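A.B. asks: Taken from TrEMBL, the feature NADP(+) binding site applies to GLY167, ARG168, SER169, ILE233. Residues or ranges marked as domain 'Tetrahydrofolate dehydrogenase/cyclohydrolase catalytic' by TrEMBL: 7-121. Residues or ranges marked as domain 'Tetrahydrofolate dehydrogenase/cyclohydrolase NAD(P)-binding' in TrEMBL: 141-282.
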Amino acid sequence: MLDNKLLRGKIVADTITERAIEDVKYIKSNGIKPLLAMLKVGHKFDDEAYERAAKKRCSKCDIETRVVELDENCTQEEYIEALESLNKDSSVHGILCFRPLPKHIDEEIIEKIIDPQKDVDCFSPMNMAKVMFGDDAAYPPCTAMGVVEILKYYNIDLRGKKIAVLGRSLVVGKPLSILLINRDATVTVCHSKTKNIEEITKNSDIIVSCMGRAKMIDKKFINDKSIVIDVGINFDDEGNMCGDVDMDSVIDTVAQITPVPGGVGSVTTSVLISHLVKACKNINNL
């Protein structure tokens, strides 16, 4: 019964990866080697975990990677110089800038410098605008798109569905709400100042939580028809990875739910690879 409720990410990720593998074969048959560059500052745990996952996924697809690592005390000018070098390098087809950047580096300046053609995680305002307008040429944020891919894989119809998105970050909440609206869902965005969140979520068909608050969502937030997508990556008091949702509290009631780990996070790197492949084909007119 438990397995019937779990929307596992691995099978979704593997399906996206298989498509990417075939695309890479085609690209390489044209004498081109797809390459993903990752630009990071210092040694943050989250960045290094994502870097390892991205490298592993790239390796499966025969995609080359390059990591440009800057000292945590690097200047904004040094960061810009490294980014512009990747922009100009014709062997680089996708650039992933690990965020958030250190406070002494102005993201609003950097986001306007990254080449939109190589911006595979929607850092550029130009790509975000394309997401807003439903442009198929856009590269939506990988985590937000990972949520959409999970819903699509499990044939969860979004048309007319009431969806509560908990969180309004530029990386997940805001762009995800647009992606869902563009697929004919009726979306309510909730955040720390929203009143009656429990009432809103209980009256929603689908709940997507990207609040970053461990086990915040319990059975008071759901009903027996709720489909819950847990984007949160947190750690509980015992140091165990957990989501925004208290799985033990909701599992007997919820209709379907993504686990943490093994849910959205496992799909994110596959979306990244699919964006890299798309960028490589577009840059080379394939």
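Including glycine, each Cβ sits where the backbone N, Cα and C put it.
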A.B. asks: Of all the binding-site residues given, GLY167, SER169, which residue's CB has the most CB neighbours within 10 A?
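C.D. replies: Max Cβ neighbours within 10 Å, all protein chains included: GLY167.
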A.B. asks: Taking 10 A as the limit, how many CB atoms besides its own sit near the CB of ILE233 (NADP(+) binding site)?
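C.D. replies: Excluding its own Cβ, ILE233 (NADP(+) binding site) sees 22 Cβ atoms within 10 Å.
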A.B. asks: Within the chain of ARG168 (NADP(+) binding site), which residues six or more apart in sequence place their C-beta under 8 angstroms from its C-beta?
C.D. replies: LYS174, VAL189, HIS191
A.B. asks: Could you measure the widest C-alpha to C-alpha distance across GLY167, ARG168, SER169, ILE233, the residues recorded as binding NADP(+), and give it to a whole number of angstrom?
C.D. replies: 16
